[in-house]
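> The structure is given below, and queries will be raised subsequently.
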Amino acid sequence: MHSWRISKFKLGRSKEDDGSSEDENEKSWGNGLFHFHHGEKHHDGSPKNHNHEHEHHIRKINTNETLPSSLSSPKLRNDASFKNPSGIGNDNSKASERKASQSSTETQGPSSESGLMTVKVYSGKDFTLPFPITSNSTILQKLLSSGILTSSSNDASEVAAIMRQLPRYKRVDQDSAGEGLIDRAFATKFIPSSILLPGSTNSSPLLYFTIEFDNSITTISPDMGTMEQPVFNKISTFDVTRKLRFLKIDVFARIPSLLLPSKNWQQEIGEQDEVLKEILKKINTNQDIHLDSFHLPLNLKIDSAAQIRLYNHHWISLERGYGKLNITVDYKPSKNKPLSIDDFDLLKVIGKGSFGKVMQVRKKDTQKIYALKALRKAYIVSKCEVTHTLAERTVLARVDCPFIVPLKFSFQSPEKLYLVLAFINGGELFYHLQHEGRFSLARSRFYIAELLCALDSLHKLDVIYRDLKPENILLDYQGHIALCDFGLCKLNMKDNDKTDTFCGTPEYLAPEILLGQGYTKTVDWWTLGILLYEMMTGLPPYYDENVPVMYKKILQQPLLFPDGFDPAAKDLLIGLLSRDPSRRLGVNGTDEIRNHPFFKDISWKKLLLKGYIPPYKPIVKSEIDTANFDQEFTKEKPIDSVVDEYLSASIQKQFGGWTYIGDEQLGDSPSQGRSIS
């Protein structure tokens with residue numbers, strides 16, 4: 001398990017950076033440390049060692065080796081001080097396409113004023129399943145008896161009333177040896193929306209849904225009722241720091257496998273319907289299934305200080321017709337009041353380094369769960385990282401992409417800087433890749449497509465990412481990717497602008513970086529290609545434990561593919577991994593990559609709406625689950641303490657404009673509050 005990714009600082013600078021000369025930096029930093037995330041490998045490419053905290057000193061390259069002189073004294077970023085890591089479906093929903101089209105035409109990005117949005121969920125109706133269920137009366141009666149059907153303590157009469165309807169809905173399936181089934185349209189009448197497990201006083205939902213806004217998630221479970229007509233009566237409040245245009249609802253079902261028709265029926269239907277085959281497979285392995293979605297349009301650009309009711313007891317029909325929900329949505333603009341650490345409950349430590357801590361926190365007024373990263377100002381100043389720290393905050397505040405971890409708030413105390421980010425708890429892509437060894441073609445394509453959107457959104461803001469690798473990619477609760485760690489980003493890079501800072505991770509360094517030729521945005525397409533190759537084979541294409549040898553391979557070794565490698569993926573990789581940046585796929589814009597045959601079955605508009613069901617869903621029990629984080633950190637007690645580090649007024653002035661609660665810049669002065677050590 002791995003902890004929240006904490007931004008790493010670059011060792012050394014080039015002439016692009018202000019404040020110190022290269023000689024001064026060389027003297028200050030000496031030989032850097034590279035972070036190696038790959039353990040020793042088996043001959044088949046699968047990981048032998050799952051510990052990715054290996055750190056290797058980079059020796060000075062021998063002048064007799066045939067490598068560029070620019071590599072003789074590499075000025076690299078330092079990872080040593082941070083001990084923590086932080087099947088596309090066939091649904092062609094016209095509603096998804098239409099909403100995505102509307103979203104894609106608005107290029108100005110989200111408005112940035114703060115407020116609170118309250119969502120009240122009352123009930124649901126007309127929920128159905130995509131398959132029939134057994135009509136076995138013993139199984140159905142036992143399941144209903146364990147359910148919470150009404151507000152009364154005794155549901156026996158309700159169970160009896162439901163069971164009396166069974167003959168009316170039972171049918172005989174002539175295609176499966178005369179098995180008695182209940183049609184998919186009526187099956188939910190006989191399934192409770194939640195049940196009480198034996199020996200437990202807590203209910204377990206068989207139907208539930210999530211509400212997602214700006215990567216903040218709330219899970220809504222029913223209080224009572226059948227799956228056909230669940231009763232929720234729940235309220236959830238969201239912090240609004242960006243006025244996004246949609247609120248996303250996803251409905252899930254947790255179907256006991258005993259309810260499924262016979263194995264013969266499942267085999268027969270699976271041969272006819274691949275989608276249903278995958279659904280049945282998930283149920284048989286005790287996985288929740290995704291039933292339906294809805295993108296609720298929002299108009300939060302309201303010039304009013306009063307609370308506005310956006311929807312009043314409004315029935316929404318889910319996009320694929322599997323049910324309806326009754327909701328009310330209110331929005332209240334709020335005054336731009338700067339936050340402090342006292343506005344949060346500290347729940348868990350999820351990361352730690354010499355700079356401070358990363359903690360799971362709960363915002364007291366909305367009860368929303370976030371990741372709070374605390375950066376010690378004295379450490380940042382001592383490492384000459386003020387510019388890059390401010391750049392990271394700027395990128396996070398400006399970016400508008402569903403596949404990038406968004407900044408919710410930032411504030412400061414006299415001793416610290418704080419970033420409050422969406423809490424993404426599905427684990428690092430690195431961990432999942434180590435566990436699997438390699439990914440399937442469909443799974444690799446899905447992740448690369450979402451990453452392509454993330455990088456494109458950064459490039460449109462004239463930002464180069466420069467550090468794409470599995471450790472910097474998180475999975476959310478559904479399995480969508482979330483790019484994080486923007487400590488090596490370079491801002492204000494137009495299409496043809498070049499920079500020459502030597503930074504990154506060895507396995508992913510592009511040839512133009514090694515050659516010291518300067519590089520443009522196309523360096524990100526090289527790293528995207530390296531990552532795709534690693535996903536599909538288990539190792540980067542030029543990997544070697546000996547760093548100088550690996551550099552030689554990056555510059556000289558032909559790109560090799562295993563037998564049976566997908567032809568479209570091979571062609572894409574040849575384009576992305578062109579050593580000549582001027583001929584690299586993507587040099588003329590992201591559409592060059594999007595239009596490649598490798599992505600021919602992907603609707604990019606649907607993808608941006610998170611309209612595809614991810615090929616893998618991480619094991620996440622709830623929005624506060626920290627099981628995918630390193631227990632070395634989560635077992636620590638979160639402590640709010642004072643840091644005694646005095647900084648002069650001139651140094652404090654460097655952190656002016658750090659505060660963010662919905663506006664790009666709201667405050668220049670550090671608040672007088674407690675800080676986290």
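The backbone N, Cα and C atoms fix where each Cβ goes, glycine too.
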> Quickly, which of T63, T150, T218, T226 does Swiss-Prot have down as phosphothreonine? Just give the residue.
T63
> According to Swiss-Prot, one residue in S46, S669 is annotated as phosphoserine; name it.
S669
> Pick from T105, T219, T501: which does Swiss-Prot describe as phosphothreonine?
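Record lookup in Swiss-Prot returns phosphothreonine for T501.
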> Between the modified residues T499, T501, T659, which lies closest to K352 (ATP binding site), Cα to Cα?
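When the Cα distances are compared, T659 comes out closest.
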> I'd like to confirm something. Which of the recorded positions, I350, G356, V358, D467, has a Cα closest to the Cα of T499 (phosphothreonine)?
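That would be D467, the closest of I350, G356, V358, D467 to T499 (phosphothreonine).
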> Look up G356 (ATP binding site) in the DSSP assignment and report helix, strand or coil.
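Going by the DSSP assignment, G356 (ATP binding site) falls within a strand, counted as strand.
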> Tell me, how many other CB atoms lie within 10 A of the CB of D467 (active site, proton acceptor), whichever protein chain they belong to?
23
> Out of D467, T501, T659, point to the one nearest V358 (ATP binding site) in space (Cα versus Cα); all of them are recorded positions in the record.
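Nearest listed residue in space: T659.
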> Reported as an integer number of Å, what is the Cα distance between T501 (phosphothreonine) and D467 (active site, proton acceptor)?
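That separation, Cα to Cα, works out to 12 Å.
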> Express the distance between the Cα positions of D467 (active site, proton acceptor) and T659 (phosphothreonine) as a whole number of Å.
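About 26 Å separates the two Cα atoms.
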